[in-house]
């Protein structure tokens with residue numbers, strides 16, 4: 001059976017739907033109100049509120065296919081068989097419903113009777129004390145020698161506190177060809193990833209509660225959480241050497257091949273040629289990273305210097321370095337993005353509408369990175385010349401200039417230099433820990449006993465820009481309390497601070513401190529500020545020196561704070577305007593605020609019109625012009641309810657004695673811990689830059705504030721309009737004026753009349769005007785193409801007929817860059833008029849020698865060709881289509897068939 005990725009996914013969803021599971025749509029890659037995650041990285045990540053009982057699930061049985069992103073060890077992508085950044089997780093879940101027996105039965109039934117896998121090739125791991133699971137697998141006649149009992153380290157999920165339980169893993173034996181060294185079974189038993197025994201499914205039984213001291217009690221409500229990576233399952237079903245040799249990846253790699261001088265060979269997996277492996281890895285990196293880039297940008301995460309934005313930038317830069325290694329023509333970019341969207345749009349329907357946006361963002365970032373690469377190389381060459389190359393400088397190439405680690409190592413090796421890579425690796429590890437901590441901001445490692453026990457009081461001042469403070473807590477990067485850190489990374493807590501910590505969807509303040517206890521008044525910048533479990537602000541630094549009781553001066557970046565406050569207050573006004581102007585049932589389901597912009601996510605069963613968005617926008621402008629002062633009210637939960645304050649998490653807020661309410665007149669009243677403007681006039685202006693679907697009835701609005709930000713945005717958008725206008729003029733110049741004279745004149749006049757918007761309020765009309773013109777020009781382009789194709793078909797037909805000779809059995813011809821479909825149709829027409837002849841046609845299309853044979857008993861012709869040339873392809877007795885790997889000319893064919 002031909003198992004495509006789409007078919008594997010749909011089979012999974014259909015199977016569990018028949019078993020009374022509710023099918024959930026894939027959620028956004030960006031976690032909703034979950035600062036513990038930078039990205040959604042598992043199928044269960046979007047369901048945590050159901051498992052924790054914070055929310056009631058829509059059904060006790062759930063199933064999904066969830067898009068995920070993991071970038072914690074990005075350097076491995078492309079060099080291993082199954083490591084990817086973007087992947088899909090298939091999952092079935094039970095929340096207080098079925099348990100071990102049914103979960104195992106479902107897995108066995110689906111794998112054997114639907115995916116048609118051989119149960120004799122199953123290898124199973126179970127927790128050593130879990131006899132129920134062991135016996136259930138035995139009941140399914142799994143060979144006892146294929147079931148291994150493992151200890152807690154392998155088959156027991158436990159975070160140290162809270163729900164936990166055993167798990168069972170299903171592996172599939174792919175055969176000896178994936179185990180040439182005969183060590184696969186040894187690796188499997190030692191829990192080491194290998195290509196023969198591939199894990200395809202993991203079932204976690206949430207059965208116990210850990211009180212934090214290693215005491216386990218049975219849970220009243222037991223749950224099932226399972227996960228199966230779709231790419232792993234597809235590679236098994238397609239018998240592919242690696243995940244990168246499955247259907248979707250191979251489509252992308254085919255596009256890459258068409259634009260570079262190298263070829264990708266799935267069979268190179270079996271050759272163990274180091275140079276070939278390295279070459280093939282670049283294909284994989286490009287395909288994988290462009291998938292991730294397409295999905296992340298389609299969800300509004302643009303390349304940038306911080307957090308999620310930096311991940312996208314790094315992925316793109318790493319992909320571009322691989323492009324350079326393959327001497328890749330960057331014209332492939334639009335093609336590969338089109339193919340990614342085409343491969344996934346049936347299930348991830350939001351992608352199609354973001355096609356042009358993804359392309360524009362990628363191309364803009366490429367132009368910027370090309371300049372950055374040059375600057376980085378100048379810095380590198382200068383340091384080599386001056387003999388000042390250090391681990392710190394090579395680290396700077398990665399952090400500041402975006403050079404992937406493997407490229408940095410190659411640059412150093414090419415110069416025959418040596419540096420202390422241990423120091424470099426330590427700096428890289430510290431840098432990665434920033435992302436790691438951003439992933440863990442929810443209660444900042446709530447389970448860590450050192451942080452839980454740290455209860456020294458610290459005060460945050462909302463309305464001060466600078467403050468003198470004392471160091472009251474120091475922790476290394478592993479959260480171990482220390483008395484001193486010297487030029488190291490770690491976390492520092494002050495008795496008072498003015499730096500806002502990431503929370504409530506608002507990013508931490510940019511800021512720094514001057515440590516007066518150091519002889520040189522060392523300035524130390526902070527790469528993150530996070531709330532600990534006892535609400536203190538932990539300031540993360542990459543390199544710095546502190547001792548307990550050091551005296552410092554703390555300050556935040558006032559411009560950053562002002563813009564972030566603008567956008568946070570703007571988000572409150574936007575939320576209120578959506579409720580009052582559109583639908584009172586709209587409720588924010590996620591938000592993000594920084595100095596650059598604000599976003600709000602909400603549920604609604606329909607698309608908002610442009611008029612509705614502008615109505616909301618104009619209402620906010622009115623509130624800005626009214627110069628409404630903000631009011632900060634401290635009260636308890638009951639008091640906040642009397643004020644009708646909006647609270648996103650009532651069960652959480654109700655546990656706090658004192659709450660902070662931010663009020664803008666009678667229009668907006670919300671519980672909030674973020675920074676805000678004193679008066680709406682500070683916001684200056686607003687503009688909605690984007691509105692799009694996140695799927696499943698969820699929508700996102702992106703909005704910006706301040707005159708400077710909006711003016712810069714208008715300039716950037718005008719550059720896009722200028723570029724589009726230039727592209728449209730080029731299209732018009734290629735249309736045949738002798739045929740479409742009237743249409744060309746009318747379209748050119750419209751294009752000449754187009755004027756760039758001078759005000760932000762004119763931007764949408766200008767964009768709509770040019771897009772409408774683009775649509776009309778493309779329609780004319782299509783007409784022109786059809787006419788040109790008709791003319792080309794007529795020309796080809798005349799050429800073929802001129803070659804027909806009643807004394808010859810074969811008509812042999814060659815063409816350049818003719819669309820295969822057009823050539824085949826024309827060839828059929830000519831053959832129908834000359835059915836005693838055999839037509840052998842070479843077409844040099846997309847840098848390959850495609851070949852068509854139409855005639856009588858083509859199998860005899862093809863057999864003769866195969867004996868003489870390296871020919872690939874297939875067909876029947878009347879038609880053959882394929883390609884030559886050799887340089888085959890009409891002269892050689894005439895000689896072979898004695899067509900004289």
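A Cβ is built for glycine as well, from the same backbone N, Cα and C atoms used for every other residue.
The Zn(2+) binding site annotation in Swiss-Prot covers 568, 572, 672, 676.
Long-range Cβ contacts of residue 672 (Zn(2+) binding site) within its own chain (separation 6+, distance under 8 Å): 504, 568, 572, 660, 661, 662. Under the DSSP three-state reduction, residue 572 (Zn(2+) binding site) is assigned to helix. Around residue 676 (Zn(2+) binding site), the C-beta neighbours below 8 angstroms that are at least 6 residues distant in the chain are 565, 568, 569, 572, 630, 632, 662.
Close to the recorded Zn(2+) site, the chain also has 565, 569, 571, 593, 630, 662, 670, 674, 675: residues not among 568, 572, 672, 676 whose Cβ is within 8 Å of the site's Cβ mean position.
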